[in-house]
Amino acid sequence: MLSDVKIKVRDLNLYYGNFQALKNISLDIYKNEVTALIGPSGCGKSTFLRTLNRMNDLIPGVRIEGSILFDGVDIYKENFDVVELRKRVGMVFQSPNPFPKSVYENVAYAPKIHGLKDKRKLDEIVEKSLRGAALWDEVKDRLHKPATGLSGGQQQRLCIARALAIEPEVLLMDEPTSALDPISTMRIEELIQELKKKYTIVIVTHNMQQAARISDRTAFFLNGELIEMDRTEVIFTKPRDRRTEDYITGRFG
């Protein structure tokens, strides 16, 4: 249904100087689904992910054409509030990157930046966010100890909690488990399945099995182009394009 489309991308082109990194991308991202972006290194999937919260704005020489509609509003229109966009679209990066602060201060950081000073409200947000990231029970007795003392998997869940603290509508994840061991990876994957009940999730992954396990839809990128996008089971069992089949069966990439 049209009303279920959270993000509508149309005719998106992105250039780094004279180099075209994304070529005429059009796709829909649906509410409360996990959309996986797959493809070999350098195919444009992470670049595309960063267009969804305008992170590419920070790179000198970037030029973007086309439109990205978030709930029907073009996020690239003139005078669009980028700060508000990044409040609605949280991001989790490849390697866990906790701030050199306590567990509590990591999660409370963004609400404070946005002007929240009430200690009781901050306490509520910290607990709610840590529970949302399935981390509360593991850290509730060490909230004021350095976040760097957590394991890698715990640090990544802390980064997810930090993203949840501003109550976003969309979560972008750029290979969130690539630096983690198998058990920590499994916990993050289970968490993603839980999170999609409340959030729309877009995840970049190099792991074909992971994309098959956790996503509802999969988009295959190659050389800056969107080759095809469909329900994940279709992409992995009956892809329309030979290049998609060659990639997911390991013939290249």
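The backbone N, Cα and C atoms fix where each Cβ goes, and this holds for glycine too.
What you are looking at is a predicted structure, and each value in this text was computed from that prediction instead of being measured.
G44 (ATP binding site) falls within neither a helix nor a strand when secondary structure is assigned with DSSP, and so counts as coil. The ATP binding site annotation in Swiss-Prot covers G39, P40, S41, G42, C43, G44, K45, S46, and the record cites sequence analysis as its basis.
Residues or ranges marked as domain 'ABC transporter' in Swiss-Prot: 7-248.
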Spatial neighbours of S41 (ATP binding site) that are distant in sequence (at least 6 apart) but have CB under 8 A: H206
Additional residues surrounding ATP, by Cβ distance to the G39, P40, S41, G42, C43, G44, K45, S46 centre under 8 Å: T47, F221, L222
Fewest-neighbour residue among binding-site residues, criterion Cβ within 10 Å, set G39, G42, G44: G42
Neighbour tally for P40 (ATP binding site), based on other Cβ positions within 10 Å of its Cβ: 14
Local backbone state of G39 (ATP binding site), from DSSP in three classes: coil
